[in-house]
Amino acid sequence: MARMAAAVMVVAVMAAAVLAGGARAQLMEGFYMHSCPQAEKIIKEYVEQQTPSVPGIAATLIRTHFHDCFVRGCDASVLLNATGGNEAEKEATPNLTLRSFKFIDRIKAIVEKECPGVVSCADILALAARDSVVAIGGPSWSVPTGRRDGTVSIKQEALDQIPAPTMNFTELLQSFQNKSLNLADLVWLSGAHTIGIAHCNSFTERLYNFTGRGGPQDADPSLDKVYAAHLRQPNKCPTPTDNTTIVEMDPGSFKTFDISYYRNLLKRRGLFQSDAALITDAASKADILSVVNGPPDFFFKVFAGSMVKMGAIEVKTGTEGEIRKHCAVVNKH
């Protein structure tokens, strides 16, 4: 219970904590209050209006925000197109299935019409991710603003720094610690897998070729056999090379922001190896049990707290970076 009470306090003070020290000190709630007072309202209303007609937008916006923050900090570098023969982050394998670029571009165009050259793409992404989760009935969290947009995007950095679905617990934790996030943040942010879908090729090695021998008998032993058989069905992932079919990450509940993802983990029904890894560590498993056995709003509160921390990773503020006019390209100087 002490852990749960502490988590509630964390969310209440998290915005203040973000304001402590370094570049983060320049992030603040209501940053655009005078320079573009309608900005947050415009973003929120657009997201609320579009979410019902754009299935899965909350999941892909959260994922885009996460992938952005893990490479060069939360600076919208994931939104940049390649230039001059250099491959950008969005061309890296983890980002090929992100479907939020045009959505963010449309929001940016509306905001630019209201206040040209004022609101960063990085802030728009952070706000839209939060608002989309709220729109599907998930938690809200503080989004201090004032991020600036980066001007560099490198494919290899995304490949090197975005946590892979094949990682074990040690690798996952190190990846998060590299970004000043801790074990609890790893567990809570993984909870975003309660919504969304995944392509078969991101996990079929667990179904057919886990040790290299091949075939359906060579499945990951940490994966529940009944669930594995379900995933190998003709309408799911019947071959190890399927790269087009999609399945629910949280079966039966993939449109609902809830704790069923964690319940599935305890039944050995996490879709990715990185999901399954969360119950291989005693402290991580204890956190999962605290969610499953805790009060209904506990997950919402701890997830919100970790999202605030993630949204402040290595942000650019002040005179760093720029405010892009178009999210996919740097400004002409």
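Keep in mind that glycine also has a Cβ here, set from the backbone N, Cα and C atoms.
Nobody curates TrEMBL annotations by hand; they come from automatic prediction.
Remember, it's a predicted structure, so these values are computed and weren't measured experimentally.
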Checklist line | TrEMBL annotation, disulfide partner among CYS74, CYS115, CYS121 for CYS327 | finding: CYS121
Check: Per TrEMBL, which of CYS69, CYS74, CYS115 is disulfide-bonded to CYS36?
Finding: CYS115
Next item on the list: Going by Cα-Cα distance, pick out whichever of the recorded positions CYS36, ARG63, GLY73 is nearest to CYS237 (disulfide bond).
Entry: ARG63
Check: If you count the C-beta atoms lying within 10 Å of each candidate's C-beta, which of the binding-site residues GLU89, ASP250, ASP258 ends up with the smallest number?
Finding: ASP258
Note to self: Please list, in sequence order, the residues in the chain of SER77 (Ca(2+) 1 binding site) that are at least six apart in sequence and whose C-beta is under 8 Å away from its C-beta.
What the structure shows: ASP68, VAL71, ALA88, GLU89, ASP149, GLY150, VAL152, SER153
Note to self: Can you tell me which of the recorded positions CYS36, THR194, ASP258 is spatially closest to CYS327 (disulfide bond)? Compare CA atoms only.
What the structure shows: CYS36
Checklist line | Between CYS74 (disulfide bond) and HIS193 (heme b binding site): CA-CA distance (Å) | finding: 20
